[in-house]
Amino acid sequence: MVTLRKQYAVDRSVYSEDSFAEEHEKVYRLHKTILDHLKEYLTCDSKRAKNAVLSLLPIIGWMRIYRVKEWLLGDVVSGISTGLVAIMQGLAFSLLAGLPPSYGLYTAFFPMLTYFFLGTSRHISIGSFPVLSLMVGAVVTRLVPEKGPAANITGFEGLTPDQQRVVVASSVTFLMGIFQLAMGVLQVGFIVVYLSDTLVSGFTTAAAVHILVSQLKFVLGLEVPGISGPLSVIYTLEKVFVQITSTNICDLVMSILIMLAVYVVKELNDIYKAKLPVPIPIEVITTVIACGASYGFNFEERFGVEVVGKMVTGYESPIAPNMEIFQESAVEAFPIAIVGFAVAFSVAKVYSIKHDYTIDGNQELIAFGVSNMFGASFRSFAASTALSRTAVQESSGGKTQIAGLISAMMAMIVTVALGFLLEPLPRSVLGALVIVNLKGMLMQFREIPYLWRRDKPDCVVWVLTCLGAILLGLDLGLAVGLGVELLTVVFRTQFPRCSVLANIIGTDLYRDRKDYLHIFEPNGVTIFRIPSPIFFGNIEFFKDKLIEAVGFNPLRILRKRNKALRKIKKLMQKKNEKDMNDLSTQTTDEPGMTMEELPVDIRVPKVDLHSLILDFSAVTFLDISALKGLKMVLRDFIRIDVDVYIVACDVYILEKLHSCMFFDDEIRTSMFFPTLHDAMLHVLEKHKEGTSKARAIIDTQL
């Protein structure tokens, strides 16, 4: 790495904010009011109308630049490859949602049709996602348990349990879409920034644990009722271990063989991905083999293996969402909407950066909202994207969502014409495919040591989010994670690392005095830096750290001086001036303080500090409470004859100080300086430091 050694020299006057304003006239701009912004937002012309259409239908933008000869073949190959994966994942993830497998194919088809027109990402594969499937499955299990009566909902009358589960899943998905669409219309796509990478990692890891536990009953061939709510993982494991002796050996052997085969081939795909034109579709291969073996050897009757069974042929008529289910599931639907968008947007962002195009968070919310509402009307469940499926779509040559459309057509062909071929497929095979695809999410446990070494608060967020989601359920776990994450933000801003700065000799740079050896600190000057906003939550912490930095409490000094003055006034009334001249000086044990002792034991504290410089370069805002507290602190120092200077204060903070009547006869605008070095040069000139070091620092003035 090259170290810069260039020199620069600037010759200018030492500025305070007042003198800078006098010499350099500022342009005052008129700030728009809320009414002005509203009027501008509602004004429409041809250009805005065109931009609105292009924004709402991103397909117009990328279709105009579509290179048929260069991109079409790659999109077709990618669509076929992704479609095969999407079909298998749709069948498998439908088990997580507590639905018959055929409805997973609906999720691979309907949401993609609308996202093709409305989405801004050209590479993500829309369809089922295991975490969302599990979250929807928790609602399905709660309202339509496998054992016991279903919830008392009017729309359930005359429906079979499977049909009731489909109604619940589609209604929850429709409500999820409403939430996403509403957030997109209200332009609140920024909400995803509150889900940090650390939180999402911990949450998805916990979801992987839930998914793993939920699939054990299929892999082992046991009859375990679905359980939702807090501690559901523990209760499910308890029921699995109670029945462990009833394990279906055929299911277990098939699952182990398929997991080993899929794991090995996926590793080979990763190792030789540069040489393979298309990843080996091992899920499809194992599914075909398992179907053939199950049909040929009649696994269902000979070994008691539970199979997929009757597949729905074709598409059913649309259904309306159930309002009673809306009321029952509103609390769960909102986190499902947030998680679905957050995962999809984070994956889309990765590929948009890689391929150099932009994505719009608000438009993505609209696209997913409409897609989920449209899909739910045709009995599909929550759709987002899966990283593994998207990786297949991108790595196999996909350039645009034409690949996604072709993958949806593949799901349609299976639903309409080939679904019967999947009827003998053992459900344990689908469970094994789900588990083996959890590798990436489960391996995120390796992040804990790294986070602990690099950023302990982030590590706490990861661990508590993961534990909360495992023990309390995914919806409550997400709330716990958000709460912990916000607490870490509060902790970082409420207790920032304050420091005392010193000059690096021969420069105009100032750094923490604990970090450097060759520094210059003029006698009687303290430079204090707070690297955070100052607000009601940390103003007391700011005061305490400032008192710790200067070595005394100015209010205490002021009170002692006032007390001494009152006693002196009483003495002056009783004694003549001769008595008052018998003063002797005595040094106290308190750091930074001396005393003047009077004959009657009156002590007048005298501080060694004459100048206090506050570095506000990292202070981004002040609220009213902090403003009042700051004013009181500054007054206390000024009243004990300590000059206070504030440097590098943001212009908008200065404007707020003026508007809030911060300045008066004691606190003046002359206290403010544009840079730390300007303030230091002013202090040294004012107090005429006589040392060679002081002269050296003056010589480096800019």
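Using the three backbone atoms N, Cα and C, a Cβ is placed for every residue, glycine included.
Quick caveat, the model's predicted, so the values are computed rather than measured.
Per TrEMBL, these features apply:
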DOMAIN    515-683  domain 'STAS'
TRANSMEM  72-97  transmembrane segment
TRANSMEM  103-119  transmembrane segment
TRANSMEM  126-145  transmembrane segment
TRANSMEM  165-192  transmembrane segment
TRANSMEM  199-220  transmembrane segment
TRANSMEM  240-264  transmembrane segment
TRANSMEM  276-297  transmembrane segment
TRANSMEM  333-353  transmembrane segment
TRANSMEM  365-382  transmembrane segment
TRANSMEM  402-422  transmembrane segment
TRANSMEM  460-487  transmembrane segment
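Most Cβ pairs under 8 A with the transmembrane segment (402-422) among the ranges 72-97, 199-220, 276-297, 460-487 are made by 72-97. The transmembrane segment (165-192) and the transmembrane segment (333-353) are in contact, since at least 3 Cβ pairs between them lie under 8 Å (pairs 6 or more apart in sequence). Proximity of the transmembrane segment (276-297) to the transmembrane segment (240-264) is established through 3 or more Cβ-Cβ distances under 8 Å for residue pairs spaced 6 or more apart. Between the transmembrane segment (240-264) and the transmembrane segment (199-220), the number of CB pairs under 8 angstroms, six or more residues apart, is three or more, so the stretches are in contact. Tallying C-beta pairs under 8 angstroms between the transmembrane segment (365-382) and each of 103-119, 199-220, 460-487 places 103-119 first. Model confidence over the domain 'STAS' (515-683) stands at 82, taken as the mean pLDDT rounded to a whole number.
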